[in-house]
Amino acid sequence: MKITNITTYRLPPRWMFLKIETDEGVVGWGEPVIEGRARTVEAAVHELKEYLIGQDPARINDLWQVMYRAGFYRGGPILMSAIAGIDQALWDIKGKVLNAPVWQLMGGLVRDKIKAYSWVGGDRPAEVIDGIKTLRNIGFDTFKLNGCEEMGVIDNSRAVDKAVNTVAQIREAFGNEIEFGLDFHGRVSAPMAKVLIKELEQYRPLFIEEPVLAEQAEYYPKLAAQTHIPIAAGERMFSRFEFKRVLEAGGLAILQPDLSHAGGITECYKIAGMAEAYDVALAPHCPLGPIALAACLHVDFVSRNAVFQEQSMGIHYNKGAELLDFVKNKEDFNMEGGFFKPLTKPGLGVEIDEAKVIELSKNAPDWRNPLWRHEDGSVAEW
């Protein structure tokens, strides 16, 4: 079997799919994207395509190593996202050829179901509460919320009180009927993260995510030492080599590699194994589309340390398309009691509505995250 073509489709709301075709008619789908840099990742995919045409798609490990190591410069969000989507599609092809789901090819199940959680947007407490109520009606009881808005390097007590008040109102509205993590998005400095974490402890969040940027990872063990709340991070780390450093340093209780950013299934399964050796949990980052989610689920179901899975159903970014709009077998993604079950169809287990993909790719938006500025005019972290 040989690879004959690779096609990319930029899609609403902020996704990109790729299709790998073979000379035997077997097709694989992947999802390579950096939100806000889809065109750049697309260019990287087509650079890699030049080598991949004519290659055997069954040699996933060798193709991964060529894509990563054959160039003198490597790593980073763009290249690793391009590799990720290609890797997903190669696993999809292998599963279809062997008539088995990917998790079966990776050694079989270690669990029967995985807890799902949903991201809830909104800047005001009432908006967040309404969003949680809506998602509870479709089966969710675990969520992730913004921990704060933009914050100065050293900010005032009013900014701290605003962030704390939002979380307080949510806990008061739902008590212990729900669980939630708080995502700081790396928006705050280490000094302000210390203040916020201390103030938020009383509301017992499930975890604190990206209290500081990955570039400031040396602060993770320092922040972890001051709190009992688990610290999570990893969506902006792109290979096992970056995760190696944070695991050695300690501090993180949960790793959150993104299967569409960190080298795909092949790389993230290795990251999961590294995390298990350090007694660190796995919770793959996934505010993206159905192919990325399927890839995450296959890794979850073969990784003992996987604890829950993010998904984007109903997320506020989804303007123009919802999570399953491009999927024919929607029923396979149904949750039971807030849990996903294993996907059982061959490959990734996602049947893509290709006609719809082609149609909506014709006028896909070029999504960009907003530009935020502080009161003094300096650029703020989004």
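Quick reminder: no glycine exception, Cβ is built from N, Cα and C everywhere.
Neighbour count (other Cβ atoms within 10 Å of the Cβ, all protein chains): 18 for His185 (active site, proton donor). According to Swiss-Prot, the active site, proton donor annotation covers His185.
Swiss-Prot lists His285 with the feature active site, proton acceptor, giving similarity to another entry as the kind of evidence. Under DSSP, His285 (active site, proton acceptor) is assigned to a strand (E or B) in the three-state scheme. Spatially close to His285 (active site, proton acceptor) yet at least six residues away along the chain are Gly234, Glu235, Gln256, Pro257, Asp258, His261, Glu310, judged by Cβ distances under 8 angstroms.
The annotation Mg(2+) binding site is assigned in Swiss-Prot to Asp183, Glu209, Glu235 on the grounds of sequence analysis. Taking a C-beta cut-off of under 8 angstroms and a sequence separation of 6 or more, Glu209 (Mg(2+) binding site) has the following same-chain neighbours: Lys144, Gly147, Gly181, Leu182, Asp183, Phe184, His185, Ala232, Ala233, Gln256.
If you look up Swiss-Prot, you'll see Glu310 marked as site 'Transition state stabilizer'. When other Cβ atoms within 10 Å of the Cβ of Glu310 (site 'Transition state stabilizer') are tallied across all protein chains shown, the result is 24. Secondary structure at Glu310 (site 'Transition state stabilizer'), as computed by DSSP, is strand.
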Environment of Asp183, Glu209, Glu235, the listed Mg(2+) site - residues of the same chain whose CB lies within 8 A of the CB centroid = Lys144, Gly181, Phe184, His185, Glu210, Ala232, Ala233, Gln256, His285
Message = So, three-state DSSP: helix, strand or coil for His185 (active site, proton donor)?
response = coil
Glu209 (Mg(2+) binding site) in three-state DSSP notation = strand
